[in-house]
Amino acid sequence: MTRRLKAAIIGSGNIGTDLMIKILRHGKHIDMAAMVGIDPKSDGLARAARLGVATTYEGVAGLIRLPVFADIDFVFDATSAGAHVENDALLRAAKPGIRLVDLTPAAIGPYCIPVVNGDAHLDALNVNMVTCGGQATIPMVAAVSRVARVHYAEIVASIASKSAGPGTRANIDEFTETTAKAIEAVGGATKGKAIIVMNPAEPPLIMRDTVYTLSQPADEEAIAESVERMVAAVQAYVPGYRLKQKVQFDRIDSPLRIPGVGDALKGLKTSIFLEVEGAAHYLPAYAGNLDIMTSAALRTAEHMAQRMLADATVSA
């Protein structure tokens, strides 16, 4: 049997519970060991207990006191940006070498988009999964960037209001700031901008994302092909990720002024329209925004664990 590394999840809300179900069903190198919350009556903690997972409602302090903590190598943090800073400090003091996968916009560690730069951070002690909008759209910005220099990229992430829990709502500013920075740092754009829309429609609509880039003039077919290859790569761990329609192009011949970028920009505008349907492991299918976050987090941790296990085998 393949050896697996034990993991804990901090945050027993929508994201944490969905991630737990994914690990229990699909974990190859990661084993679900503990669920951490602060509400003793939360559905996530109750569900974890029924599934035989160790639980605590006393936060990170409670996790550290659990007997299983001695065996835990990974912690997924699905709380909030502010809480993650404190959680990282407490865990690092208790176990300096523990790996944290941050599903909040705190961004203590490097930004990680599995299909773009996941392999660059396999040895990092803390990696940041950016945001749901970032996980959905930054691969598209990167797909354009590998064909032509991107001066500016703007993304609009539309999610069902019902899929946005208190953690998401408390982090709106951090969402836009972290996503914009990651569009630049990981996506390769000179300047990035992010907008989130919470759609109150009933019945709830699945996640939809729009990506606009302004790049140097380039071969449109090459960009379209690059986008399609990137979509296929994301679908390897998020099957519900897909293009809503063909990539659209517009030649910009009149100079544009983009603050922070330049005053006389011309080039190629690329418009990419996406939708993300969730796998419905715990949450409804319309919550593709949460599904892509938990899927990306597990993908990242699996690759990190695989590296750790391989290194341990070599050392032995």
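The backbone N, Cα and C atoms fix where each Cβ goes, glycine too.
The NAD(+) site recorded in Swiss-Prot comprises Ser12, Gly13, Asn14, Ile15, Ser163, Ala164, Gly165, Pro166, Gly167, Thr168, Arg169, Ala170, Asn171 together with one of Asn87, Asn289, namely Asn289. Residue pairs drawn from Ser12, Gly13, Asn14, Ile15, Ser163, Ala164, Gly165, Pro166, Gly167, Thr168, Arg169, Ala170, Asn171, Asn289, the listed NAD(+) binders, are separated by up to 17 Å at the Cα level.
Around Cys132 (active site, acyl-thioester intermediate), a 10 Å sphere centred on its CB holds 30 further CB atoms from the protein chains shown. For the pair Asn171 (NAD(+) binding site) and Cys132 (active site, acyl-thioester intermediate), the C-alpha distance works out to 12 angstrom. The Cβ of Ser163 (NAD(+) binding site) has Asn14, Pro204, Met207, Leu283, Pro284, Tyr286, Ala287, Asn289, Leu290 as same-chain neighbours under 8 Å, each 6 or more residues away in sequence. Counting only same-chain residues at least 6 apart in sequence, those with a Cβ under 8 Å from the Cβ of Gly167 (NAD(+) binding site) are Gly11, Gly13, Ile15, Ala78, Thr79, Ser80, Thr104.
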